[in-house]
Structures are given as structure tokens and as C-alpha cells.
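Worksheet for the structure shown next.
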Amino acid sequence: MSELCPAYAPFFGAMGCTAAIVFTSLGAAYGTAKSGVGISAMGVLRPDLMMRNVIPVVMAGIIAIYGLVVSVLISGDLKAPMPLYTGFIQLGAGLSVGLAGLAAGFAIGIVGDAGVRGTAQQPRLFVGMVLILIFAEVLGLYGLIVALILNTRASDTPGCDLQ
């Protein structure tokens with residue numbers, strides 16, 4: 001162990017791995033729950049639109065997949081002697097995809113709930129709802145892209161030499 005490779009360095013990588021899956025799952029759960037409530041309320045009035053309006057729930061679930069991808073990539077690079085720089089980069093990657101996924105899940109849930117309820121009354125709102133949902137989903141995709149770039153930077157660092 002050296003100053004650049006302390007024993008606690010893998011902890012930050014593990015926290016990045018945890019943050020990626022926990023925050024994206026929270027966002028996906030919120031988006032699914034909020035949109036699901038809207039779909040249930042809409043299904044009473046217009047049961048014929050149920051399958052068409054399940055799009056927000058599917059899009060919310062995709063957010064959790066972003067976190068899963070980054071968590072698997074980070075956990076694959078975790079090892080005992082590890083530079084502190086790598087641990088911090090992995091923490092940043094996990095937080096970037098996690099918090100972006102949380103924000104995207106909130107946006108998808110709110111837009112999905114209001115959009116589904118509005119579509120039940122005016123079917124022409126469906127296209128607008130889908131466009132807004134796509135822009136909300138892209139917020140999570142931005143976090144995934146940043147996390148992947150950070151993760152490639154973490155693997156470029158020199159390793160710890162055991163002495």
C-alpha cells in the first residue's frame with residue numbers, strides 16, 4: 001500500500017457501483033409507479049388505450065438498465081490494490097449515471113402520468129407525450145455517456161506496484 005494506492009481506494013469504486021444501480025432504480029421505480037397510477041386511472045375511462053399508453057412504464061424501466069450496465073462495468077474493474085484516482089473516477093461514473101437516471105425517472109413519471117390522463121380525454125396528445133418522454137429519457141442517456149467516458153479514463157491509469 002502506498003499513498004497513491006491506499007487500502008480504502010476500492011471503497012470509492014464500490015460506492016460508485018452502488019450509486020449507479022440504486023439511484024437509477026429509484027428513478028425507474030418512481031417513473032413506473034407514477035405512470036402506472038395514471039394508466040390505472042385512465043384505464044377506467046378508456047380501457048382500449050391501455051396497451052398504447054404503457055410506453056412511459058417501459059421507458060422508465062430502461063433507465064434502470066443504464067445503471068445496471070455501469071454497475072457491471074465498474075464492478076469488473078474492482079480489485080484490491082487500486083489507485084485512489086481510479087476509485088474516485090468510478091465513484092463519479094456511478095454518481096453521474098445514477099443521479100441523471102433519478103432525474104430522468106422523475107421526469108418520465110410526471111410526464112407519463114399527466115400525458116396518459118390527457119390522452120384519455122384528447123387522443124391527439126399522444127404524440128406530444130411521446131416526444132416529451134423521449135427528451136426525458138435522453139437525460140438518463142447523457143448520464144450513461146458521461147459514465148462510460150469516465151470509466152474508460154479509470155482503466156487508463158497505471159496500476160499499483162506491489163513492493
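In case you wondered, yes, glycine gets a Cβ from its N, Cα and C as well.
Residues annotated as domain 'V-ATPase proteolipid subunit C-like' in TrEMBL: 15-74, 91-150. Residues or ranges marked as transmembrane segment in TrEMBL: 12-33, 54-76, 88-113, 125-150.
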How many helix, strand and coil residues does the domain 'V-ATPase proteolipid subunit C-like' (15-74) contain under DSSP?
57 helix, 0 strand, 3 coil
Intrachain neighbours beyond the transmembrane segment (88-113), with Cβ under 8 angstroms and 6 or more residues off its ends:
12-13, 15-24, 26-35, 37-38, 55-57, 59-60, 63-64, 66-67, 70-71, 74, 77-78, 129, 132-133, 136-140, 142-144, 146-148, 150-151, 153-154, 157
Quick one: mean pLDDT on the domain 'V-ATPase proteolipid subunit C-like' (91-150)?
96
The domain 'V-ATPase proteolipid subunit C-like' (91-150) - residue tally per DSSP class, helix then strand then coil:
57 helix, 0 strand, 3 coil
For the transmembrane segment (54-76), distant same-chain residues with Cβ under 8 A (at least six beyond the ends):
13-14, 16-18, 20-25, 27-28, 30-32, 35-36, 38-39, 90, 93-94, 97-98, 101, 104-105, 108-109, 111-113, 115-116, 129-130, 133, 136-137, 140-141, 143-144, 147-148, 151
